[in-house]
Amino acid sequence: MSSKPEQKETHQANGAVLPIVPVDCLTSPDRGQLVEPSDFLGPDSDGVEVVVLESRANAKGVREEDALLENGSQSNESDDTSTDRGPEPASPLKETSFSIGLQVLFPFLLAGFGTVAAGMVLDIVQHWDVFKYVTEVFILVPALLGLKGNLEMTLASRLSTAANIGQMDTPKELWRMITGNMALIQVQATVVGFLASIAAVIFGWIPDGHFSIDHAVLLCASSVATAFIASLVLGMIMIGVIIGSRKMGINPDNVATPIAASLGDLITLALLSGISWGLYKELESKAYVNPLVCAFFIALLPIWIIIAKKNAATREVLYSGWEPVIIAMAISSVGGLILDRTVSDPNFAGMAVFTPVINGVGGNLVAVQASRISTYLHMSGMPGESSETAPRKCPSPCSTFFSSDVNSRSARVLFLLVVPGHLVFLYTISSMQGGHTTLTLIFIVFYMTAALLQVVILLYIADWMVHWMWGRDLDPDNFSIPYLTALGDLIGTGLLALSFHILWLIGDRDSDVGD
C-alpha cells in the first residue's frame, strides 16, 4: 500500500481520536516507544500506515491518555486543526457531589469566618465618631465590600478559567496574565472607589437635604484609598491561590472565589474604618490632607492604564468592563442606604454584625457557581458560539436545581451548605458576644429563611445570567459576578432588615433586638 501523507482520515479506538500517519514517521526513538512498526508491516515494508497515539491538545507530545488524566487541561496550541475537539471537557463531568462539596467546604468556612470577623469589626466601629457624625460611611460599606465581587472575584474567575484552559502553563503566559490583571484591577478600584463616594454623598443628601463639602472630600479620600490598597493586597493573594491550586490538582473555580472573600471583607472593612477614622481626626487641623490623598491615588491612574492597555488579555476588559462594575456599585450602594437607615435606628443596631455575614455567604456561593458555569462554557467554545450548553431562554427552577447536569449538581451542593454554615457562623458570633441580639429560636428561623431565600434567588439568577451573557457574546467571567454579588448585597441586606422589622413588630423581646 502506498504512502498518503495528505490523507486526513482518522481512526477511532478506545474513545480517542487517532491520526493515521506513514510508518517512516516512526523511525525516531521517541515515537518508536509508542508503536512497534514490525507489528504493522505487510509484505511490502514501505509506506505501511499505522495508528499513532499522539495528543492533538499538547504540543510537547504528551499522549492523549495522559492529557485526559490531567483534569482535562489543554494547551491552546494544536498540531492538527482538522480534527474536531471533544464537545465537553473531561474534568467537570468527572466531578461528583462529594468531590465538589469537599473542595468547596474549607474555602467556604474560611470565607464565612472572614465575614464573621468583618461583622464583629462593623459592630465595634459603628460607635466611632466618624460613623456617628459622617453616617454616609455606612453607605460605603456594602459598595466597598462588594469590590471583592466587582474586582477580586472577577479576577479570580478570569484567572481560574485561564488556568483551566491552559493559558497560564508557561512562565511567560503567567507573567503576562499577572501584570495585566493587577494593573486592570487598580484602574477599576480607583474609579469605582471614587464613584462609590459620590453615590454615598448623593444617597446621604437625598433624605435629609444636608451637604458638607468636608465630609464629601473625606468620603472620597477614604473610599479611593481603601479600594486601591485592598485590591492590591487581595489581587496578589488571588494569584497565589490559583497557582497553588493548579499545582495541587484542585479546581481553582472551587476555592479561588471563596478565598477572595475570606479576607476580602475583613481587610476592606478594617481599612475603611482605620483610614476614615484617621482622616476624620485630621479634618479640623489639617484639612488639606484629604484632598491630597484623593489627588495622589487618582494621579496613579495613567500608569495603570498604560500597563493594562499593553496587555492583550486585559485590553478588552479595560474598554468594555466598566458597565458591570459601575452598575454593581450602584446596586450595592442602595443596599448601603438600607443599612444606613436601619442601623442608625437604635431599635435595629444589632443588624450590623449580621449584615456582612449574610451578604458575604450569599455572594461567595453564587460566585463559585458562576465561575464554574463560565469555565464549563469556555471549555466547549467561545462566547457567542451556538452551543447546546448555552441556552438563551430563561431556565426553569427544576433544570437549575434538580437536573443531572454537573452545574445543577453543584447548585444543590452549594444550597445545602447554607444552613449548616450559617449555624456555625451564628454560634461563633454568639460565643464571642458580638452584636446586640440574643439567638432565640424565632430569630434563627427568620434569619435562616432570609439566608435560604437569598441563595436560591442568586443561584437561579446565576444560571440564567451566565448563559444569557454567553449567548450575547459577553464573557461571563468579566460581567456576571459583579452583578450577582451586588444583588446578593441588596437582597441580603433587604431581607435581613425586613426580618428585624418583623421581629420588632411581633415583639420578640427575648431576642433583645435593638438593645
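Placed from the backbone N, Cα and C atoms, the Cβ positions cover glycine too.
No curator has checked TrEMBL annotations; they are predicted automatically.
Annotated region 'Disordered' per TrEMBL: 1-21 (among others), in sequence order.
As annotated by TrEMBL, compositional bias 'Basic and acidic residues' applies to 1-11.
According to TrEMBL, the feature region 'Disordered' maps to 60-94 (among others).
Taken from TrEMBL, the feature transmembrane segment covers 104-124 (among others).
As annotated by TrEMBL, domain 'SLC41A/MgtE integral membrane' applies to 141-275 (among others).
Look at TrEMBL and you will find 182-204 (among others) tagged as transmembrane segment.
Counting residues 6+ beyond its ends, the transmembrane segment (216-243) has Cβ neighbours under 8 Å at 134, 136-137, 140, 143-144, 147-148, 151-152, 155-156, 159-160, 163, 168, 174, 178, 181-182, 185-186, 188-190, 192-194, 196-198, 200-201, 252, 255-256, 259-260, 263-264, 267-268, 271-272, 275-276, 279-280, 283, 289-291, 293-294, 297-298, 300 in the same chain. Feature annotation from TrEMBL assigns transmembrane segment to 216-243 (among others).
Taken from TrEMBL, the feature transmembrane segment applies to 255-275 (among others).
Look at TrEMBL and you will find 287-307 (among others) tagged as transmembrane segment. Same-chain residues lying 6 or more positions outside the transmembrane segment (287-307) and placing a CB less than 8 Å from one of its CB atoms are 179-180, 183-184, 186-187, 190-191, 193-194, 214, 217-218, 220-221, 224-225, 228, 279, 318.
Marked as transmembrane segment by TrEMBL: 319-339 (among others).
According to TrEMBL, the domain 'SLC41A/MgtE integral membrane' annotation covers 355-498 (among others).
The transmembrane segment feature in TrEMBL is assigned to 411-429 (among others).
Under the heading transmembrane segment, TrEMBL lists 441-461 (among others). Sequence-distant contacts of the transmembrane segment (441-461) (same chain, at least 6 residues past either end, Cβ-Cβ under 8 Å): 354, 358, 361-363, 365-366, 369, 395, 397, 400-401, 411, 414-415, 418-419, 422-423, 426, 484, 487-488, 491-492, 495-496, 498-499, 502-503, 508, 510-511, 513.
Sequence-distant contacts of the transmembrane segment (481-506) (same chain, at least 6 residues past either end, Cβ-Cβ under 8 Å): 142, 145-146, 148-150, 153-154, 157, 257, 324-325, 327-329, 331-332, 334-336, 338-339, 342, 347-348, 350-351, 354-355, 358-359, 362-363, 366-367, 370-371, 442-443, 446-447, 449-451, 453-454, 457-458, 461-462, 465, 513-514. Residues or ranges marked as transmembrane segment by TrEMBL: 481-506 (among others).
For the domain 'SLC41A/MgtE integral membrane' (141-275), residue counts in helix, strand and coil come to 119 helix, 0 strand, 16 coil, using DSSP. Helix, strand and coil content of the domain 'SLC41A/MgtE integral membrane' (355-498), in residues and according to DSSP, is 108 helix, 0 strand, 36 coil.
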